[in-house]
């Protein structure tokens with residue numbers, strides 16, 4: 001029994017030893033490549049961390065291959081870079097080429113590999129720290145004192161050829177503080193530090209970085225002691241300026257707080273109110289421009305209307321006392337052939353020229369209908385006898401009978417008449433205007449007129465004078481007959497005016513009549529048109545002025561004027577025509593005899609000019625076409 005005990009203990013001890021040996025041995029762990037660095041972009045080195053060795057000796061190898069290749073290479077140098085590193089010299093380094101690197105670990109129990117690492121030499125550049133760092137305190141006379149720092153690039157980097165470009169950064173701190181003050185210096189190898197505290201010791205370091213890569217390590221520290229007598233005059237001056245500015249700002253704020261309203265009113269004065277008399281600010285605020293303009297006395301825009309809306313149904317009058325007579329008829333055509341020796345100045349003021357004949361013709365082309373008749377009013381004054389009649393020579397070659405001319409009276413203002421377009425059958429294109437005597441030739445009686453009046457009118461209108469009496473005696477006889485004629489007519493009698501020849505058949509141009517003025521009593525003053533008398537001389541004894549007048553007895557419904565003789569026409573010295581040989585009377589135009597009335601369209605042939613209407617006797621003949 002005692003002999004079996006030692007063998008059992010040895011077995012148990014061997015069993016526990018075998019178990020412990022079996023638990024300590026295993027395959028190696030997975031290694032890790034943690035850094036690859038190139039100090040000058042010509043060579044590079046990679047470092048790795050080994051994994052667990054498994055209790056057995058482990059062997060590490062680094063293999064690589066370039067991108068696009070299948071052949072695998074092993075690390076060319078395991079010693080230059082230190083333990084667990086691989087150094088690639090210039091022969092094995094290529095830029096713009098990607099390296100695929102792997103680390104393998106192997107022992108008796110097995111092997112393991114690291115994750116592949118892709119390396120481009122251009123982007124793994126990490127240069128060495130700058131060298132020869134020096135510090136110097138300078139005190140120039142014209143500038144404030146400063147700390148001058150200088151250094152040199154790393155020895156392995158070729159910066160002269162431009163193969164690698166470095167940027168620098170400086171940091172410094174007082175010895176008794178923990179914070180660093182950093183300054184970027186760029187590509188220069190010197191730098192100035194201005195803000196320094198006297199009596200302090202400063203520690204300075206510098207580092208560098210390429211265009212593509214990483215910052216280098218900080219260079220070894222360099223220190224400098226700032227003396228206590230270090231001048232700070234510039235800083236003291238700026239401090240004084242800052243304090244003074246703060247005091248001035250406080251004073252201004254205090255003044256604005258006390259007298260803010262008055263200062264604002266002084267800097268930004270208020271807009272003065274309107275000082276226009278009668279100006280209402282409330283209307284301006286409400287936006288009522290019409291009431292505002294009316295309050296200021298301004299006129300609004302004139303209303304727009306058609307041409308006929310502006311017609312005015314009255315004539316312009318004045319208080320002139322001049323009386324003029326109509327000229328006697330010529331041998332060729334009524335109102336032609338004799339030039340008046342003297343005429344008053346025309347007061348038409350140019351209104352007639354504003355209406356073109358073409359414009360009037362457009363308005364007068366519409367046909368007239370239902371022509372009204374002229375009626376003589378009751379109580380017509382009898383004309384008086386003329387004072388004197390001056391004879392004038394008669395043209396022996398005359399082919400027409402001298403027209404009988406009535407004497408009219410008026411003391412109103414003068415107004416010009418515009419012509420209306422004439423029918424092409426009745427007159428020559430050269431004829432344009434007619435006097436009042438021609439209008440009288442158109443106003444003929446109808447079948448409703450009394451027989452006695454018709455016979456009397458026909459006698460005066462168509463029968464030539466049988467004797468060669470002087471113009472004065474014939475005129476007196478005419479006036480006497482007219483006086484008896486007016487005394488016999490009543491209000492319902494149709495007026496018949498004499499006519500010597502067919503209406504407007506003369507080839508020569510005709511004249512127009514100017515209405516001089518119309519008085520309050522309805523009297524109408526007429527002015528003849530002054531014309532040249534080239535084919536008939538005047539008698540030496542003719543007066544200088546030739547005037548005839550008519551009196552408006554009444555105005556009918558359609559604005560038709562009824563003209564009567566003026567009893568006061570005898571007091572004016574008229575001019576008389578001499579007796580002349582009268583050719584045998586020729587038959588009157590049947591169309592002129594049958595026409596007994598005419599029509600006028602009120603406001604149809606008028607055009608407003610300054611508030612006046614123009615009366616054109618030529619418009620009376622439009623219905624005789």
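Note that Cβ sites are derived from N, Cα and C of the backbone, with glycine treated the same way.
For 1-24, the entry in Swiss-Prot reads signal peptide.
Look at Swiss-Prot and you will find 25-237 tagged as topological domain 'Extracellular', backed by sequence analysis.
Every protein chain considered, the tally of other Cβ atoms within 10 Å of the Cβ of residue 59 (N-linked glycosylation site) stands at 11. Annotation note: residue 59 (N-linked glycosylation site) sits in a strand segment as assigned by DSSP. Marked as N-linked glycosylation site by Swiss-Prot on the basis of sequence analysis: 59 (among others).
Residue density at residue 104 (N-linked glycosylation site): 16 other Cβ atoms are found within 10 A of its Cβ, drawing on all protein chains shown. Residues or ranges marked as N-linked glycosylation site in Swiss-Prot (evidence: sequence analysis): 104 (among others).
With a 10 A radius on its CB, residue 132 (N-linked glycosylation site) counts 12 other CB atoms from all the protein chains. Positions annotated as N-linked glycosylation site by Swiss-Prot: 132 (among others).
DSSP assigns residue 212 (Zn(2+) binding site) to coil in the three-state reduction, placing it in neither a helix nor a strand. According to Swiss-Prot, the feature Zn(2+) binding site maps to 211, 212.
Look at Swiss-Prot and you will find 238-258 tagged as transmembrane segment.
When pLDDT is averaged over the motif 'Box 1 motif' (267-275), the result is 71. Taken from Swiss-Prot, the feature motif 'Box 1 motif' applies to 267-275.
Distances between the Cα of residue 104 (N-linked glycosylation site) and those of the recorded positions 59, 132, 212 are shortest for 59. Ranked by Cα separation from residue 59 (N-linked glycosylation site), the recorded positions 132, 211, 212 are led by 212. Counting every protein chain shown, the Cβ of residue 212 (Zn(2+) binding site) has 13 other Cβ atoms within 10 Å. Listed in sequence order, the residues of the same chain lying 6 or more apart from residue 211 (Zn(2+) binding site) and placing their CB within less than 8 Å of its CB are 164, 165.
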